[in-house]
Every structure is written in C-alpha cells, then in structure tokens.
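> Take this structure, written in structure tokens, and hold onto it; I'll ask about it next.
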2 protein chains.
Amino acid sequence: MESRIERIKKQLHSASYKLTPQREATVRVLLEHEEDHLSAEDVYLLVKEKAPEIGLATVYRTLELLNELKVVDKINFGDGVSRYDLRQEGAAHFHHHLVCIECGAVDEIQEDLLEDVEKVVERDWKFQVKDHRLTFHGICWRCQDKTDTEDAKQDSLEKQHVE
Amino acid sequence: MESRIERIKKQLHSASYKLTPQREATVRVLLEHEEDHLSAEDVYLLVKEKAPEIGLATVYRTLELLNELKVVDKINFGDGVSRYDLRQEGAAHFHHHLVCIECGAVDEIQEDLLEDVEKVVERDWKFQVKDHRLTFHGICWRCQDKTDTEDAKQDSLEKQHVE
DNA sequence: ACGATAATGATTTTATTTTGCAACTTCCTG
DNA sequence: CAGGAAGTTGCAAAATAAAATCATTATCGT
C-alpha cells in the first residue's frame, strides 16, 4: 500500500503536481475503501476523520485531479452523485459493475470480457475504442438466495394455511 | 408515429396515468428527436415551442414517468446533466453508445452484442442480468477521417518547409 | 532560509433537479 | 352531461451537487 502511494506520488510529480498531506489523506481513504464506491461527500467525511481541517473543495479538486491522472474513475450509477472508483494499477480499461436492483449492492468485475465486442465495434462502426463503461443491472447472488429462502418459507406457510 | 403514441398512451393508462396534452407534447418531441440525447432543459425548450404554457417541472415529472415505464432511459455521459433516450419499442435491453472524445458526438448501437458476456456474468457471478449500460469512449469515424486529412496536410506542409 | 508557484479552506455562486401547494383537468359515475 | 374524486399542472421555493472566487498558507528547489 505504501508503494502504491509512492507510485501515485510519482505520477503526480511527473505532471508537476504535489502530494500534499490533504491529497495523501484522500488517496489513503480511497485505498482503504477500494471496494466501495464513494461519493465526494463520502470521501470528505472519511478524510475529515484523519485530517479534520480539510475542506470539501479540496476533496473535489483532488478527486478531479486523480481522475485526470486516471488513478480514479468518476462513475455515475443514476442517483445524482458522482462516485469515484480506484482503477486497478496498470489497467488499460475500466472495470465493470454489477448493480443489484434489490439491495443496491455494487460488485466489481475486473475481467475484461469486452475484447471481442470492442473488435466488432472497431470493425463495424469504425470507432477507435479508448475506454468503456459497462454496468449490469439485475439481481445479485445474495438477493437470489434471499428470495429462494423466502419462497421456501412462503411455500411452507402456504402449505399450512391454505387459502 | 401516431400508433406509437397510442401505445404509449395505453402504457400510461395501464399504470393509471393519463396522457395529458403536456405529456403528449413531450412524447412527440422525444419521437421527433429520437437520434439525439436531449437533456431535460433541451426537451423543455422544444416542447415550449408547441405548448408554450408548459412548466419545466412538468417536463421533469413527465420524463421521470416515462423512465419508470421504460419508455425512455435516463443516461449520463459525465457532464453534469441527465439525458433522456427513447428505448427501441419492444427492446428488452437498452442500446449502447459511442461517445467521441474529440467532437463529443454520441452514436447509438442498436445491436445487442452482449449476449455472450451476459451469459458469462450469469454463470460466473450468479448475477441475474435485467438490463445493462454500455458506453464506449473513443474516436468516431468522422474524427478519424479529419485527423487523417490533417496529418496528410501536415505531411505536405512539412515537405515544403523542412525545419 | 527565501521566494516563486501551487494548493488550501471558507464562502459564494451556479446549475440542475425536486418539492409544496393552490388551481385546474380529466374521466368515471350516476 | 353534471359532479366529484383522483390525477396533473405551473409557479415558486427549496434542496443538492459541483464549481468558482479569493485571501491566506504551504511546498520545494535553490
């Protein structure tokens, strides 16, 4: 993790930006919540725990900066807020998401999956693909299990009290 | 087109909503700009031409309603505005988009392309896919042509004035 | 340590979207 | 075809997110 921060620091420097304490604190929060999909406000509140003097504007600026450097990706799941997601180190493409319409959970898929599709797009639409955003909406395995269990429960109830 | 409005009217009725003149005007604007990706404000201004007395809030409410009914999809290309895109009639899935990072043009892909990928997701992640969002970011054929032309121009200039 | 340059935090501003509410429509019922 | 409940509208105000402003402060190479 330290080495990861070091590398981000180098990225900043090579674009002649500085790794200030505020920026470092922000990056640390992102690293500690790699699985989550935090909004700017979320990040702000978490960073504030470590560095209470930080301002919201700085968090916005830092996130925008990290987005420029392709360290994070700015995503939008349809609620009005932008969320920020660390990009896998060295990944050329952004990873995919599974959004559960039951419980709202967001899972990640790191595999590419789109190689063939991109080839088709490049060939048939003459579109030179640089990046992509892919999100599936549906029902996650947890909610499928839950529903199964409830169905089973429901079934047994219906057996007891036939209406 | 009239029949399409008729069908949307039925959809509204079956959810016990009404097709008011304002809603009809809004739907007509959407149909007439099927290729575009209008923001709420865009729609508002266009509807106002036909029905000047309409309020912005009504447009927002209508778009939200049509989104609920899956007549339109609400999309977000990363600028701060939501855009509304008519769904192909009968399409189970939302179509895909090609966003050009040079000129900002947004093209649509109606083909599915994701059948295989969805199978993998359902199998390997036990995720029951209901819908998807796929957007490619890259360079459209128009800008590729443009760049080619400019390169050629540049080449010939360089031949004339070698530095 | 110094000084140019970059970054910060508090606050204000902008832009988009949502909400509250009184007035107005719509459409069903008799 | 009048009456009335339910649904809808337009306006204005409020809520939200994000960006911009600006005086102050920190950073880093020399």
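Quick reminder: no glycine exception, Cβ is built from N, Cα and C everywhere.
Remember, TrEMBL labels are computer predictions, not curated facts.
Note that the coordinates shown come from a computational prediction; the quantities given were computed from them, not determined experimentally.
I grabbed these lines from TrEMBL:
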- A:CYS100, A:CYS103, A:CYS140, A:CYS143: Zn(2+) binding site (BINDING)
- A:GLU115, A:HIS132: Fe cation binding site (BINDING)
> Since the record lists A:CYS140, A:CYS143 as binding-site residues, which of them has the fewest other Cβ atoms within 10 Å of its Cβ?
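Comparing Cβ neighbours within 10 Å for the binding-site residues A:CYS140, A:CYS143, A:CYS143 has the fewest.
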> Considering only CB atoms and a limit under 8 Å, which binding-site residues from A:CYS103, A:GLU115, A:HIS132, A:CYS140 lie near chain B?
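Correct list, in sequence order: A:HIS132, A:CYS140.
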> Select the most exposed residue of A:CYS100, A:CYS103, where exposure means the fewest other Cβ atoms within 10 Å, treating these as the binding-site residues.
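It is A:CYS103 that, of the binding-site residues A:CYS100, A:CYS103, has the fewest other Cβ atoms within 10 Å.
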> Ranking the binding-site residues A:GLU115, A:HIS132 by other Cβ atoms within 10 Å, which is at the bottom?
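Least crowded of the binding-site residues A:GLU115, A:HIS132, by Cβ count within 10 Å, is A:GLU115.
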> Where does A:CYS143 (Zn(2+) binding site) sit by DSSP, helix, strand or coil?
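For A:CYS143 (Zn(2+) binding site) - judged by DSSP and reduced to three states - the answer is helix.
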> How many Å lie between the Cα of A:CYS140 (Zn(2+) binding site) and the Cα of A:HIS132 (Fe cation binding site)?
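Between the alpha carbons of A:CYS140 (Zn(2+) binding site) and A:HIS132 (Fe cation binding site) there are 22 Å.
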> Determine which residues of this chain, when A:CYS100, A:CYS103, A:CYS140, A:CYS143 are set aside, have a Cβ within 8 Å of the centroid of the Zn(2+) site's Cβ atoms, and list them as they appear in the sequence.
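Checked against the 8 Å cutoff, the neighbours are A:ILE101, A:GLU102, A:GLY104, A:ALA105, A:ILE139, A:TRP141, A:ARG142, A:GLN144, A:LYS146.
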> Please report how many Å separate the Cα atom of A:CYS103 (Zn(2+) binding site) from that of A:GLU115 (Fe cation binding site), as a whole number.
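Rounded to the nearest whole number, the Cα-Cα distance is 30 Å.
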> Return one of helix, strand or coil for A:CYS103 (Zn(2+) binding site), based on DSSP.
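The three-state answer is coil.
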